[in-house]
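What follows is a short report on a single structure.
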Amino acid sequence: MHEVQRPAGASAGISPDTAAGIVATAHRLADAARVETLRLFRSPDLHPDNKAQKGFDPVTEADRASERAMRAILAEARPDDAILGEEFGAQPGTSGLTWVLDPIDGTRAFMAGAPSWGVLIGVTAADGPIYGIVDQPHLGERFEGGFGRASLSDRAGTRALAARQGVDLAQATLMTTYPEVGSPAEHAAFRRVADRVRLTRYGLDCYAYALLAAGHVDLVIEAGLQAYDVAAPIAVVQAAGGIVTDWQGRPAHGGGRILAAGSPALHAQALALLGPADD
């Protein structure tokens, strides 16, 4: 029996004024990243590089420009906060808060012209994420969670996010990014859940977590993630009433194997099927 440990990010002791400043700064970051990413999305001038010595791990100038723009704002607005970004690594701080940035989550989708990529902006304290934005610039959708906020802002306005409740595993919609889902053992564990749900879809990167927070998806299961892949999605999903842990029910903000669910009951059903996934 797994014991689910919920991250206590909301109890980080952040004052209302500090929270308001974090939110305002995060939206500035998201606005700046929109400019840099849309400048090259579906552009013939997009020339990706490969970061991997083996395989293919693409990075584009849009990734780098997006993260540079966000870091420049943080240097001016939040100089005491630490930063962890996918493209330019870690920068220490003294405030106890860390901005966790993925300038384009889903670079492969970005390269393919598919609008399932997103800009991830997370803020973490010692015990995990306390606030996050998942932004999809091309669709004009901004998912936000933390400090009492759980909202989607798009061209139609702003409305509340709420993860779907009361869904049994047999009626659930499950998403993951890669069909292979990590190692053979991890894939086998994933299949134990996938074989029990109504619908499984692939390839949406961070957008799957946003859809879960909006009540359209019930489960997201992934493996091999990094902290910058999950900090913002965790904050958004939890603010919308969902739950995110690793495959043992522990806090997941360090990355690795991720299980996100719209409700604790559905999470427990999936967790029991995942079980140990020894490599």
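Heads up, the Cβ atoms here are built off N, Cα and C, so glycines get one too.
Automatic, uncurated: that is what TrEMBL annotation is.
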Per TrEMBL, member of ASP229, ASP246 binding Mg(2+) alongside GLU86, ASP102, ILE104, ASP105: ASP229
Environment of GLU86, ASP102, ILE104, ASP105, ASP229, the listed Mg(2+) site - residues of the same chain whose CB lies within 8 A of the CB centroid: LEU101, PRO103, GLY106, THR107, GLY118, VAL119, LEU120, CYS206, TYR228
Number of other Cβ atoms within 10 Å of the Cβ of ILE104 (Mg(2+) binding site) across all protein chains: 32
For GLU86 (Mg(2+) binding site), the three-state class that DSSP assigns: coil
Densest Cβ neighbourhood among GLU86, ASP102, ASP105, ASP229 (binding-site residues), 10 Å radius: ASP102
